[in-house]
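A.B. asks: Before we start, here is the structure in question, set down as structure tokens.
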Amino acid sequence: MDSAVAGAADIGRYGRRIVRMIWDPEPTNDPIANRPAWCLGYEYTLETNITSKTKGEDSKLSTATSSDQQRPPAQANKVPQMPSAQLPTEAAATALSGNTTPPTPEAALEPTKITSQPAAIDTPPDSVDSSFDSSMAYDDVPDDGGWPPAFLNDFESRIWMTYRSGFEPIPRSTDPTASSRMSFAMRLKTMADQQAGFTTDSGWGCMIRTGQSLLANSLLTCRLGRSWRRGQAPDEERKLLSLFADDPRAPYSIHNFVAHGAAKCGKYPGEWFGPSATARCIHALANATENSFRVYSTGDLPDVYEDSFMEVAKPDGKTFHPTLILISTRLGIDKINQVYWESLTATLQLPQSVGIAGGRPSSSHYFVGAQRSDEDQGSYLFYLDPHHTRPALPFHEDPQLYTPSDVDSCHTRRLRRLHIREMDPSMLIGFLILDEENWHAWKSSVKHVQGKSIITVSEHDPSKGSASGRPSAIDEVETLSDDDGDTVLDG
């Protein structure tokens, strides 16, 4: 019997690998078109020069690259836009100008201050089977697919949080209605043992994992700089990863996300999280943990209010703290309305971008890059997929105890992408504002971005009684509520 089961598992594994090759092949770059590939505000083409060492060692930009080939949009003196779009006003372009030389690895170790760079609607569906992705999606070392090596190095340096298994049990809720809030597949999985807690988040934790990814990369930029690449400052990277260990002692562990979700967001253990609940957890956990890092969340509206933002970023009226802006929104009913394609793509081209969590039917991904499509007016968005179950990331009081395999499990060089028309409209968008100059550049960017705006910045928060607000705000972008039943975002 055991051999039969093992044989069936092998057949299933290889069968799924074949399906992956047919239906979800590794994306390749067109060297003739050589369209720029973007990763969180940095632009890459095949002309981008880079000196690559072996994996795990430093990857350093050549001097030819630093000035004009690998650059955030601000360094090109232009507002991020799609190639067919018209340029915005000269004032907006000027507002985005900044230093053209990326920090050296040594400078990246200093407290980061970068002036030109950084920083619902959910109904539990049947869970997406994580084994489809986890058995094959990232096991093989991919070739470069014609992509700029500097782009792949940047992509690989983004922190990637995934499903984990074998961690300390997360107790089940004693509320009799808790099981009804889970997806049907999760109810089947947990039916056999109603008493045991959750030792894996496979099938329900993908939105939490993409939220962790967004937060981790924000902290990475604050601590090590946007130009940090794998192999640089390994001790600092281990310290950062320890904050996200799968253990209640780690401040950003899945245990603490679930605990806050249960206490403040009405989310039971084992229940999927939506973008709004994830934003509230990030806000609470980060503000309780970090001394010089703040989180500003817009709630369920796309409006950013300058007076409220400054109360978070500069509470004493003098010292500006790096601040993560979280915007939970919905840009359509079943699919993203095409009027938002340009502006949503441009958010990933902004130098303050720290990515998008959510945004795929029946699952959540962490989107970090974009490339214009050759076939139409849309774009392909590059993402990190959390649906890949790995052993739990342990907690160590001494981060030096993390092994290379522990660190490697939080990175991947394998690209995944989807067309923007395939995205789910429910998402969490993040921007990291490092200082006041960065804040003013970001305001100008979102004001002049191409396409229908998905973000509005106003001076005063009407809830404070200092202004009447914008009556049209509610009509401009559909809002997000975790209790709305139109959109499926599952783990």
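Glycine is no exception: its Cβ is also placed from the backbone N, Cα and C atoms.
Swiss-Prot lists these features:
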type	residues	note
REGION	53-137	region 'Disordered'
COMPBIAS	61-72	compositional bias 'Polar residues'
ACT_SITE	Cys206	active site, nucleophile
ACT_SITE	Asp385	active site
ACT_SITE	His387	active site
REGION	457-491	region 'Disordered'
COMPBIAS	475-491	compositional bias 'Acidic residues'
A.B. asks: Please report the Cα separation of Asp385 (active site) and the residue listed as 'active site, nucleophile' in Å, rounded to an integer.
C.D. replies: 9
A.B. asks: Given the residue listed as 'active site, nucleophile' and His387 (active site), what distance in Å do their CA atoms have, once rounded to a whole number?
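C.D. replies: If we compare the Cα positions of the residue listed as 'active site, nucleophile' and His387 (active site), the gap is 7 Å.
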A.B. asks: Mind checking which of Cys206, Asp385 has the fewest other CB atoms within 10 A of its CB? They're the active-site residues.
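C.D. replies: The active-site residues Cys206, Asp385 were compared, and Asp385 has the fewest Cβ atoms within 10 Å.
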A.B. asks: When DSSP states are folded down to helix, strand and coil, where does Asp385 (active site) land?
C.D. replies: coil
A.B. asks: Around the Cβ of His387 (active site), how many other Cβ atoms lie within 10 Å? Please give the count over every shown protein chain.
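C.D. replies: The Cβ of His387 (active site) has 26 Cβ neighbours within 10 Å.
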